[in-house]
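Contents: one structure, followed by commentary.
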Amino acid sequence: MSEPQRLKPVFPQDPKWPGEGSSRVPFWAYTREDLYKRELERLFYANHWCYVGLEAEIPNPGDFKRTVIGERSVIMVRDPDGGINVVENVCAHRGMRFCRERHGNAKDFFCPYHQWNYSLKGDLQGVPFRRGVKQDGKVNGGMPKDFKLEEHGLTKLKVAARGGAVFASFDHDVEPFEEFLGPTILHYFDRVFNGRKLKILGYRRQRIPGNWKLMQENIKDPYHPGLLHTWFSTFGLWRADNKSELKMDAKFRHAAMISTRGQGGKNEEVVSGVDSFKEQMKVNDPRLLDIVPEPWWGGPTAVMTTIFPSVIIQQQVNSVSTRHIQPNGHGSFDFVWTHFGFEDDNEEWTQRRLIQANLFGPAGFVSADDGEVIEWSQEGFEQKPTHRTVIEMGGHEIGDTDHMVTETLIRGMYDYWRKVMGE
């Protein structure tokens, strides 16, 4: 009679990564709050560029957008000289988050608590009662004589604007943005942000109860779309028999999933036994799939580009958007979609992009599935942190491929994550 297996603790005190490589990811990588804080420090607040917005969101002097990097609130603002600045939304006096509006226009910033006033470049320019108050022949209060305005401005971030997209970093020693992306991913970035003026079409926002890395994984995972998503498998938008490529940067942190739409329909090789394939499904509004090739595509009908750690750039047929990942604790993140077109689009093109955008977002015909499976995955991780995922489709290796039946991009991401996090 064989010996009964010894039970492993469900909540290990000093957990260790299960072996070499990145094809087995422990559940505790998604559940440990101490690890999450380290991720914020090493991935969002140092050594990385993070997405903050699009120039088209702040076209005029004084226009601003409040957003976040990691959990730190920041403001992207266009100054009177036309420059783009990103400053932290924390008053230098008593630490209040002074900006409450998501979008607006301002001549300057001030904190309502004590009325400290800042320029749009983040410089402190006014302190009430700085020189005290005269009363009965004497001066009461006031700031010390050695108090200097220039030493008490808002925290200023380093800014990189390219092709209409804006990234920022708290780390002023971060590598140049182009080097951060690397030539392969920069090519796909420039494919979307190619210098044409952008036009904002709208926003979607959702809170997903799952670890933020799961959304990066989801868009680095070509294995699931043709299995999970009815729309993708039935109409050939994204499935295993599409012509495709997967590409990464040299450090494996960023990736591009590149696909050319197939004809859909019943290919037994890829739809046999697949529940998401609905042979009889038809669209009531054919405009949803009224796809017109655009010259800038250069062939592929879809490219999903993940820029680690903060954003996904989506081109899925004629729908174009950024998807901003905003962590909110180890088990939750906000996911903000900015849908856009181009300034030279006519009304017909704008409507086409808006209609196709219904595939995406929290109630989208495709993306609603992703939000649910991320939530349910997090529930499983919290239940038994000592267990691990299996990321072995396509083997254990990490590298570019010319097919989608693989999890190589996820293995690449965790190879990089382990090096940075020291796990």
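The backbone N, Cα and C atoms fix where each Cβ goes, and this holds for glycine too.
Annotated in Swiss-Prot:
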- C91, H93, C111, H114: [2Fe-2S] cluster binding site (BINDING)
- H224, H229, D370: Fe cation binding site (BINDING)
- 49-168: domain 'Rieske' (DOMAIN)
- 1-20: region 'Disordered' (REGION)
Q.
Can you name every residue in this chain, apart from C91, H93, C111, H114, with its Cβ inside 8 Å of the center of the Cβ atoms of the recorded [2Fe-2S] cluster site?
A. A92, R94, M96, F98, Y113, Q115, W116
**Q.** H224 (Fe cation binding site), number of other Cβ atoms within 10 Å
**A.** 19
Q | Other CB atoms, at most 10 A from the CB of C91 ([2Fe-2S] cluster binding site) | A | 22
Q. Closest of the binding-site residues to C91 ([2Fe-2S] cluster binding site), Cα to Cα, picking from H224, H229, D370?
A. D370
Q | Pairwise Cα distance for C111 ([2Fe-2S] cluster binding site)/D370 (Fe cation binding site) [Å, integer] | A | 39
Q.
Among H114, H229, the binding-site residues in question, whose Cβ has the most other Cβ atoms within 10 Å in this structure?
A. H229
Q) Cα of H93 ([2Fe-2S] cluster binding site) to Cα of H224 (Fe cation binding site): how many Å, rounded? A) 49
Q. On a count of neighbouring CB atoms within 10 A, which of the binding-site residues H93, C111, D370 is highest?
A. D370
